[in-house]
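Engineer: Take a look at what TrEMBL says about it:
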REGION    1-43  region 'Disordered'
COMPBIAS  24-39  compositional bias 'Polar residues'
TRANSMEM  66-84  transmembrane segment
DOMAIN    71-556  domain 'Major facilitator superfamily (MFS) profile'
TRANSMEM  138-155  transmembrane segment
TRANSMEM  194-213  transmembrane segment
TRANSMEM  225-245  transmembrane segment
TRANSMEM  282-311  transmembrane segment
TRANSMEM  323-344  transmembrane segment
TRANSMEM  394-418  transmembrane segment
TRANSMEM  425-443  transmembrane segment
TRANSMEM  455-476  transmembrane segment
TRANSMEM  488-513  transmembrane segment
TRANSMEM  560-585  transmembrane segment
Amino acid sequence: MSSPAGANQAHGYDTEAASAQPAVIQQTRDSTPNATPDSGSHKEVGVSRVEAFNKVLYQSGRKGKVLLWVLGVSIGLTMFAYALDMGLTSSIFSTLASSTFGVHSSLGAVSTASQIIRAISKPFIGKLADITSRPTTYVVILIFYAVGFAVAASATNFASYTVGICFTSVGKSGLDLLSDIIVGDLTPLEWRGFFGATLSLPFVITVPINGFIGDGFVDNWRWGLGMFAILVPALLIPAIFTLYTMQRRGEKAGMVTMADSKNVRTGVDEGGPKGFMYWVKLLYAGLIDIDILGLVILGFAFSLILLPFTLAKSADGGWSNPSMIAMLVMGFVCLVFFILFEIFLAPKPIMTKRILNNRAFLAGVTIYTFNQMASSVRNTYFASYIYIIKDWTTYQWIIFLGITTMGLSLLGPFVGLLQRKTHHYKTMMIFGAVARIIGYGILVQPSGNMTQDTARLVVAQLIYCLSSFNVVGARVGTQASVPHEDMASIISVLTLWSTLGSSVGSAVASAIWTNQMLDQMYVEMPNVPKETILEIYGSITALRTDYDFLDPIRQGSIRAYAIVNGNITVTSLCLACVPLIASFFMPDFFLGKQQNAVTNKGLDGELVDVPTQKGGEEVVEEKPKSTWEKVLNVYRK
């Protein structure tokens, strides 16, 4: 069970000047802003009104503090719902559901599809928050959650279950995206890592709770999903109500809040009644802004390329099946067309030249994408592996899988406090990347099989928790590299690619599993009837409940599981080396009271002095005298 990376989710750095300021994201293809003559004044009006409201929040005494605390508690409740969801539906209930329908090997395909949908929906949700408002966006997310869980819980076949899970993926996508944006709105860089990591603290509570819930619903997973159709709305409503309250207070005071739409916050839209054509034009402009056609092409490309890896084994003729070949060919054609479209045709490409020249973004997206990919490769069938090789109770199984989640959630705020103390993060990122590699390595025996030793499994889970040093640092570094108005865009683009990386990981794991597991079972159990092997291949619950731990069929299956999962983990180990290399290229911005490292302005809009930068202009520094000072200077830039 992985922590949300999730998700969880850096732009515009000029590589020609390694020590220069990070640049602003340019949303148009041309390097010159495509703005109206009065856009600058609109921006100034909007920014000043937002800063005025921030002053109300932080400096108006008790009322402002109460509003902040209520908002914080509301977001905490929201993330509590998210934690329960991620802890149960993503691993436990999906594993049990696939076994119920006798298609356990299709688990990777579902994970791949849901991850692609989750990735592509990020920019849509981000733009929806800009066009409408953040509480309205939460309402839309809530609808996707409730409908998705209802469909999955009432599914009569695995196809309808998959549809429901894909609906919930949209909700998950928006929940972590909006939470990250709100934290970025309210916190300076020195506290960004701490408060961003506290969003995962609910996992500390939900992991042990998940054990009891999962144990109670192991034979009734439908009721477990149905519970979320009621529980998630109940926990999200406080956050929605709080943001709407903030929005109304801002309107009455003639100020702009972070809950308002982007047009209101930038001064382009001064409020008032809106006609139908206004919303049509706004929707059209929003679809152009998120590069709707490019996203659709990208989604089709990844789907057509990745899904055959999970479906080929069960298709007639395998990879020789014309459908598999056609999907792959069309997928790569779509991918090439996407690249050409982005270079020559897209009015506002997903990846502008300004973004591609941003060293912090490139390092951050590499770290996030390969972290997610490596984690997804290992985690897709890790729960199944533990379920079979250990004769544990359901509660013990769930608690073990939650060790990493709990550890990452506990360690994250501590990493944030270290960043607050040291005002830097790069060294911690490198340490975390190394720890992740060691954690994967402990799982693999010299023979290449995955270990079955309980002590090694637990130690690996605990060491893997140290990767929080890498993840929290990458999040802060990427957000620091852009001005405030571009932060939502950078989070959307970063999570788009990292979530696609997760879908690639699920596809890779599924490809290894479907191409090796059944054959390996035949090798380990040559005298077992084919029908029996097919049954236990398709259902881990049948394998666990119908055969005692020492039964030859169970032991033969354990050997097959260890071999195949060993190959899967070695793949994760190789992928985890990439973030270590990328961490060396991440700039080590000073984390002070500024909202970002570009403008060096605080949350109230006032300039903040930092050791190396003031007001966006670089300060002339003395030349480093010693070799160590020279090395340190290069390292931090």
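Don't overthink the numbers, they just go from 1 along the chain as shown.
Placement of Cβ uses the backbone N, Cα and C atoms for every residue, glycine included.
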Engineer: Would the transmembrane segment (425-443) count as touching the transmembrane segment (455-476), i.e. at least 3 C-beta pairs under 8 angstroms with sequence separation of 6+?
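Structural biologist: Contact between the transmembrane segment (425-443) and the transmembrane segment (455-476): present, because at least 3 Cβ pairs are under 8 Å.
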Engineer: Counting only pairs at least 6 apart in sequence, do the transmembrane segment (194-213) and the transmembrane segment (394-418) share 3+ Cβ pairs under 8 Å?
Structural biologist: yes
Engineer: Apart from its near flanks, which chain residues at least 6 from the ends of the transmembrane segment (425-443) lie with a Cβ under 8 angstroms of it?
Structural biologist: 193, 367, 371, 374, 378, 415, 418-419, 450-451, 456-457, 459-461, 463-464, 466-474, 476-477, 569, 572-573, 576-577, 579-580, 583-584, 586-588, 591, 635-636
Engineer: Which sequence-distant residues neighbour the transmembrane segment (138-155)? Criterion: at least 6 residues beyond either end, Cβ under 8 Å.
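Structural biologist: The answer is 89, 97, 125, 128, 161, 163-171, 174-175, 178, 222-223, 225-226, 228-229, 232-233, 236-237, 239-240, 243.
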Engineer: Are there residues at least 6 beyond the ends of the transmembrane segment (488-513) whose Cβ is under 8 Å from a Cβ of it, and what are they?
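Structural biologist: Residues 5-11, 25, 27, 105, 107-109, 111-113, 115-116, 118-120, 122-123, 126, 129-130, 173, 176-177, 180-181, 184, 298, 302, 306-307, 309-310, 312, 350-351, 355, 361, 364-365, 368-378, 380-381, 478-479, 481-482, 564, 567-568, 571, 575 contact the transmembrane segment (488-513) from elsewhere in the chain.
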Engineer: For the transmembrane segment (225-245), give me same-chain residues lying six or more residues beyond its boundaries with a C-beta closer than 8 angstroms to one of its C-beta atoms, as numbers and ranges.
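Structural biologist: Those are 67, 70-71, 73-75, 77-78, 80-81, 84-85, 88-89, 93, 133-135, 138-139, 141-142, 145-146, 149-150, 152-154, 164, 171, 217, 259, in sequence order.
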Engineer: Taking a Cβ cut-off under 8 Å, which residues six or more beyond the ends of the transmembrane segment (66-84) line up next to it in the same chain?
Structural biologist: 4, 57-58, 172, 175-176, 179, 182, 186, 199-203, 205-206, 209-210, 213, 228, 231-232, 235-236, 238-239, 241-243, 245-246, 249
